[in-house]
Amino acid sequence: MDHFNYKDGELFAEGVALKDIAKKYGTPTYVYSKATLERHAKAYIDSFESMSGLVCFSVKALSNISILKTLRISGCGFDIVSGGELHRAILAGADPKKIIFSGVGKSKDEMVAGIKHNILSFNIESEAELDRLTSVATEMNKVAPVAIRFNPNVDAGAHEFTKTGRKSDKFGVSTKTAKELIKKCTESKSINLVGLTCHIGSQIMELKGFEDAAKQALELMIALDELEINLDFIDMGGGLGVSYVGEETFQPSELIRCYETIFAGRNEKLILEPGRSISANAGIMLTKVEYEKDGFRITDAAMNDLLRPALYNAHHDVWPLVESNKQTTEVNLVGPICETGDFLAKNINISASQDDLLAVKTVGAYGFVMSSNYNSRPRAAEVLVDNKKFYLIRKREDHSSLTAFEEGLDDQI
Ligand SMILES: Cc1ncc(COP(=O)(O)O)c(C=O)c1O
């Protein structure tokens, strides 16, 4: 459930008319609802019953510091995948003991930063990575906390590019290698084994894949019990799918119930790393129709602002800001970028004329974070709505921000 609704024929985010945001900050602009973010974080946090839980919001989904602050205050920790995301989480006031560092390619500098900040865990995805972390920790005379990411070889559906749990994917190690790496961790003075982890993909619409992965995790945990190796936590990653165009979805409570059933009687903490299911429905993108042309409506937002349609052929609902009775027509919503792949929505029924304002829905995850400056287009503004107030949380870029890091403007090159 989100907080974007029509009131007297006008689209609102919580208590704010979206047209007022467009008037003040222009378009394209990402708008997030604080109440929706808080509600979704709570839906996870309040659902743990038999296991103690920690929800680490996956920063890659939506990384604006004000959003991270909101989620930190709601009780979330963070799942990060880069030194940049660590920097953001720290600026947002995150408790480092609630930060998990995922990802297959951590650099030495990123490992040093994670150790200095005393994070909860490095989720390790290969032997080479474990070896590098061991030598970094040894050099620093520190002990690095580690969870081993195993790959359960399950195909849980979703888009080819967002599946991460198959043997053929680059993520994690086989259960056999996981056991070997775990043993290696226990033999190292510079490594503290704290957990076991996996993440099978994103926008997963069935619980079966999560169950299969959890059952394999349990088998591994039982094998470790026999070796008297204890873990602090089992981290099952994120991946729960959301409704983009009316699909049926599972609630966080249903996912957690399924994990708690499989892990019944265990003492490990259950960590989850949801991204999309917390932030996707909490964001819309405001855009204006620039031109009408045959079956097209050309908007001021483009694939550089929202990449998901071009990258994944993803579908997003589009709502007009004014709920009109005008007859709808089937149109393609496209941007000004010089690519045929630059579209926001295809074959949608909407009444949209020049200068009309539209809201592209469910863009709070993998929306702004994937935006770029392609075609030298400044990135959009970001606004956070809190009840009847709204705050600019990222300024719209301008032409000088586009060239700010370029050298040679003074003819030296
Ligand atoms: C390791 C890891 N954890 C969590 C997530 C978040 O996934 P989602 O946004 O589908 O919940 C991802 C995203 O791909 C990921 O790679």
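Each residue's number is its place along the chain shown, starting with 1.
Even glycines carry a Cβ here, placed using N, Cα and C.
Some features that TrEMBL has for this protein:
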- 30-364: domain 'Orn/DAP/Arg decarboxylase 2 C-terminal' (DOMAIN)
- 35-280: domain 'Orn/DAP/Arg decarboxylase 2 N-terminal' (DOMAIN)
- Lys60: N6-(pyridoxal phosphate)lysine (MOD_RES)
- Gly239, Glu273, Pro274, Gly275, Arg276, Tyr366: pyridoxal 5'-phosphate binding site (BINDING)
- Arg276, Arg308, Tyr312, Glu339, Tyr366: substrate binding site (BINDING)
- Cys338: active site, proton donor (ACT_SITE)
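Here the features listed in TrEMBL are painted onto the structure.
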residue	record	Cβ neighbours (10 Å)
Lys60	N6-(pyridoxal phosphate)lysine	22
Gly239	pyridoxal 5'-phosphate binding site	28
Glu273	pyridoxal 5'-phosphate binding site	26
Pro274	pyridoxal 5'-phosphate binding site	27
Gly275	pyridoxal 5'-phosphate binding site	25
Arg276	pyridoxal 5'-phosphate binding site	25
Arg308	substrate binding site	21
Cys338	active site, proton donor	9
Glu339	substrate binding site	14
Tyr366	pyridoxal 5'-phosphate binding site	24
Discussion item. Rank aside, I only need the closest one: which of the recorded positions Lys60, Arg276, Tyr366 has its C-alpha nearest to that of Arg308 (substrate binding site)?
Written reply: Tyr366
Worksheet item: Which chain-mates of Tyr312 (substrate binding site) that are at least 6 residues away have a CB under 8 A from its CB, listed by sequence?
Response: His159, Phe161, Thr162
Item to complete: Determine, using Cα-Cα distances only, which of these recorded positions is closest to Gly239 (pyridoxal 5'-phosphate binding site): Lys60, Cys338, Glu339.
Response: Lys60
Response to the item:
Nearest to Lys60 (N6-(pyridoxal phosphate)lysine) by C-alpha distance, among the binding-site residues Glu273, Pro274, Arg276, Tyr366, is Tyr366
Worksheet item: When the pLDDT values for the domain 'Orn/DAP/Arg decarboxylase 2 C-terminal' (30-364) are averaged, what is the result?
Response: 95
Worksheet, complete the sentence: Cα-Cα, Glu273 (pyridoxal 5'-phosphate binding site) versus the residue listed as 'active site, proton donor', nearest Å, comes out at 37
Practice prompt. Would you give the longest CA-CA distance, in whole angstrom, between residues of Arg276, Arg308, Tyr312, Glu339, Tyr366, the set recorded as binding substrate?
Written response: 27
Worksheet entry | 8 Å Cβ shell about Gly239, Glu273, Pro274, Gly275, Arg276, Tyr366 centroid, pyridoxal 5'-phosphate site members excluded | Ser58, Lys60, Ala61, Ser202, Gly238, Leu240, Ser277, Ile278, Ala365
